[in-house]
Amino acid sequence: MGSATKYVSKKPDERGFVDWDQSENQIWHDLVTRQLSCVSGRACQAYIDGLKMLNLPIDKAPQLGDVNRVLKAQTGWECVAVPALINFDRFFELLANKQFPVATFLRSREEFDYLQEPDFFHEIFGHCAMLTNPAFAEFTHTYGKLGFSASPKDRVYLARLYWFTVEFGLLQETNGIRIYGGGILSSPGETRFALTGDFESANDSVNDPESGLNQQNTEQIELSQREVKPIYRPFDPIDIMRTPYRIDIMQPVYFILDDIQQLFELAQQDIMSMVEQAKAMGLHEPLFPPKNKDEDKKVGNYV
């Protein structure tokens, strides 16, 4: 979602088949190979289980039909091909109908290590494994239904809930803190940083496709983040909805579930009343430096 992109999604044919070319299949291979080694020992068990169910090919980009056969059997979800950018109404409408939007384009080789908009790799590798989990799938479905009928102001608060769960959520397991958020799991830098707070390791590749770090903005935030370790907070929906975030930096704060079942339990509660409580209490002070106006125009905003 956003205002502009140079990418154009590939339109599936009448069978739902996307004709990925050789260069795109190679990009998929290189992205998956890199990230599989990175998430090993860091991803939560539900993600690992889902990845095994999906059995994504490594040598070529998968077809949505193959992914959908698994998702439908497990949780009733399916992926739907969408343009590179969609509006919030369409986004929430799809989720409300158990349809996960997937932009059918892959980043170019020139932007292999930095891409702000979510591409096919981010959506499929980052998110779809978790959609095989019933608790996660139920939460995402409820979120879509609430967002579809919410006011624009309330959607901002809901966006924070999505950001700190579906995109950047962490989970406590018996063997330590593990990752379930797709924004982390599709990013080598964020995957390392989220669990270790190691900025140097996370920034081994200066340009990171999901964290937003590139040569232009790394220098601006490096000094402010180099000495800062992530803050870990217990999962609290109201606290989350009061916490601003920026999309173009390593996240300074993460919220940790005790169990993935907490998301299912949250889906049964009155989330919109929590939105009202968060609005009444006001936002926390941002845990990140402000951006100048010129940079705001280039790399997004904070919510």
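Placed from the backbone N, Cα and C atoms, the Cβ positions cover glycine too.
Straight from TrEMBL, the features:
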type: DOMAIN; residues: 1-303; note: domain 'Biopterin-dependent aromatic amino acid hydroxylase family profile'
type: BINDING; residues: H122, H127, E167; note: Fe cation binding site
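Residue density at H127 (Fe cation binding site): 25 other Cβ atoms are found within 10 A of its Cβ, drawing on all protein chains shown. According to DSSP, E167 (Fe cation binding site) sits within a helical segment. For E167 (Fe cation binding site), the count of additional Cβ atoms within 10 Å of its Cβ stands at 23 [all protein chains shown]. Cβ neighbours within 10 Å of H122 (Fe cation binding site), excluding its own Cβ and spanning all shown chains: 24.
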